[in-house]
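Q: Here it is: the structure, laid out below.
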Amino acid sequence: MSLSQVSPLPHIKDVVLGDTVGQGAFACVKNAHLQMDPSIILAVKFIHVPTCKKMGLSDKDITKEVVLQSKCSKHPNVLRLIDCNVSKEYMWIILEMADGGDLFDKIEPDVGVDSDVAQFYFQQLVSAINYLHVECGVAHRDIKPENILLDKNGNLKLADFGLASQFRRKDGTLRVSMDQRGSPPYMAPEVLYSEEGYYADRTDIWSIGILLFVLLTGQTPWELPSLENEDFVFFIENDGNLNWGPWSKIEFTHLNLLRKILQPDPNKRVTLKALKLHPWVLRRASFSGDDGLCNDPELLAKKLFSHLKVSLSNENYLKFTQDTNSNNRYISTQPIGNELAELEHDSMHFQTVSNTQRAFTSYDSNTNYNSGTGMTQEAKWTQFISYDIAALQFHSDENDCNELVKRHLQFNPNKLTKFYTLQPMDVLLPILEKALNLSQIRVKPDLFANFERLCELLGYDNVFPLIINIKTKSNGGYQLCGSISIIKIEEELKSVGFERKTGDPLEWRRLFKKISTICRDIILIPN
């Protein structure tokens, strides 16, 4: 259930709310624009205060995020806080819109990005954290993929100061932290093991190293830096000198840098000052200007999107439909009746439908067709989706796909975990239901019968958009929550989108790729 269904969102003067672009346990983020000037796009974060208090947070805890992010908003790689206020049940924060979307929505699991892209984002993250530590005295304490966004030119924007803390006092002395906070794979070992406390700024440096590893390999080195985790223990025993698994993909120069950062003893860990002098940080990326910002968004997008691919091959299809070990990558405990994933009418996302339909209408009216060619409706739809990077990731002809990508490259907030289909619902839903079951996601049986009941109640024209809320666990045992939305764009053309709410973006993309492969026969692919 969305927060707006629990309590109506407050009205914000002169601001028009749009789609929900993110949602967590006690907060949601919507895009918005100014009423007087729709060209000025914003993001509004709504924090549900009663839910926060149920989770044990005080008023000071709730407002601390605003205080610290406001203090840290004068750096180009930190998401800027514009305004905030409190209503009866919500605290709302107006932020600049990261209109390039999520960085890790664009990274292929188990592949990562090429060295130039990793270097560029590593440099920008180091710059942002250096600003936080040196000029603001603030440690972020939750550096992870979910909190790395992009602007319209592809520049990194560090977001979410919910766990941040002021580690340096006004007199220059450093506070010692005692609490365990952060996301397990990105957490520094001293957060778990230090009995005398730790310095929060040093834990940020560790998290930067883990994020760099993920950029280079498309996976985390371990689930938790714990002595119970064999991957982490192996790393410690070999003093970071590893050449197997994902470590074997990393060039020697980058391995050397990672070993300096991922030093379990925080007193031996490289400092930010030393990190800024590393050759990989000093050498400018090919699409980076003197100010460290992207000066060639098209080249950056080309490099970033080039590794995105969903293979619908027979080999992958057989692996996902017949291999028991593959099917068990995602774990789902036996749910009680009301936890079964089921098909519902999504009354909260009318705006999303309107935007998608407007995109097609705009494309349709701006496209000149040669009446002599007699272009079919299906050909028109296929041409329309060729403007969406999400559709191109299924293309089997790499050269043809690269040409399409070059024509339509741009950063935008649209999710890439999506496919299009022309299949009727009596074909689409049984195949989707099969894919969910094979992914160990428990579904209320017969999605199509449920769809027919909704049609009787609402009528076919009013039944869309549809939503299936899903909950599962990754191989590491961490929760993945999100939804699958089915949106009717025009007549038979529909989009099937996978929206992550909580959990690792790379694990969510793995799940999307698996379900898409099982649904391969219904996916519309540009050709």
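Along the chain as shown, residues are numbered 1 onward.
Backbone N, Cα and C define each Cβ position, glycine as well.
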Q: Can you pick which of Lys45, Lys53 Swiss-Prot lists for the same ATP site as Val21, Gly22, Gln23, Gly24, Ala25, Phe26, Ala27, Cys28, Val29?
A: Lys45
Q: What's the number of neighbouring CB atoms sitting within 10 A of the CB on Val21 (ATP binding site)?
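A: I count 22 other Cβ atoms within 10 Å of it.
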Q: Ala25, Val29: which of these binding-site residues has the sparsest Cβ neighbourhood within 10 Å?
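A: Among the binding-site residues Ala25, Val29, the lowest count of other Cβ atoms within 10 Å belongs to Ala25.
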